[in-house]
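Novice: For reference, TrEMBL lists these features for the protein:
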type    : residues                   : note
BINDING : 72, 73, 183, 200, 249, 275 : 5-hydroxyisourate binding site
BINDING : 72, 73, 183, 200, 249, 275 : urate binding site
BINDING : 72, 275                    : O2 binding site
Ligand SMILES: O=c1[nH]c(=O)c2[nH]c(=O)[nH]c2[nH]1
């Protein structure tokens, strides 16, 4: 039985590696929905998980033979030091560079997976010497909101290395749209207590991943075909604003179609969404359009879906329900 059937793997999680003054990401194509033009990379802060596999490690599990074990502590050092050697400008590029370096360094490793989060540090403003307020090039504000992600799985093959899987993404984007959302027409039977709603506030958590038609385009070496998660986020908020949503299921489909239309270098986009829509407490406030809401009860609904390029071929964008601002 091969090691893959045994589920053999080991690695290190939560490897924090913060680099100052990485090469800036510049020259991305701008889109109408976003002010994003690039990343200064003055601070490039990552949290990486590495997983390695291979038949060579079987005896470390079955016999306690550590002679071929790369200590996970060494893996942590390897990742951190390679952040000092990386001369590109993106998380995807760093993971690709480091995965290849692992396979170069340890010939008995068969597969390497690297999953990375780019920790978000936002710009701040500061009065400079001539009393003008400018973007600070020294002070950044850590944000615990949405952030970029990337994933790479690299396998040793007879030809060298094979890229098995590569994804880029955006994690934990939490968006509330205060009105302009309905949810109706669902099954009504003896288990149904939820009323139909023609205008609910919709609070969604979105995590999404996208893949490229040509994987090397994910690395950011050619910024004109690189898709920045900041642009995807701004496109999502814009489409959410414009779309009269019928359900989260339909919202993520519309978002996926718009993302693939806006970024021709992408192959598909996969969503994991959660419904955290607030409960209504006060419906009528005199002389006001306002209402009072509270957090929903703990169970939450979720959806998963992958939108592919064929979907936008089949359905021209104008036909996708939109039309509210
Ligand atoms: O957008 C939604 N989709 C559902 O499937 C669902 N189910 C539910 O109770 N509320 C919602 N909202």
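Heads up, the Cβ atoms here are built off N, Cα and C, so glycines get one too.
Where in this structure would I find these features, and how exposed are they?
Specialist: Under the DSSP three-state reduction, residue 72 (5-hydroxyisourate binding site) is assigned to helix. Annotation for residue 72 (5-hydroxyisourate binding site): spatial neighbours 10, 11, 12, criterion Cβ-Cβ under 8 Å with sequence separation of six or more.
Note: residue 73 (5-hydroxyisourate binding site) has non-local neighbours 12, i.e. same-chain residues 6+ apart with C-beta under 8 A of its own C-beta.
When secondary structure is read from DSSP and collapsed to three states, residue 275 (5-hydroxyisourate binding site) falls in the strand class.
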Novice: Just to be sure I understand the contacts, which binding-site residues have a Cβ under 6 angstroms from any atom of ligand 1? Candidates are 72, 73, 183, 200, 275.
Specialist: 183, 275
Novice: For residue 249 (5-hydroxyisourate binding site), what is the secondary structure state per DSSP, taken as helix, strand or coil?
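Specialist: The residue in question, residue 249 (5-hydroxyisourate binding site), is helix (DSSP, three-state).
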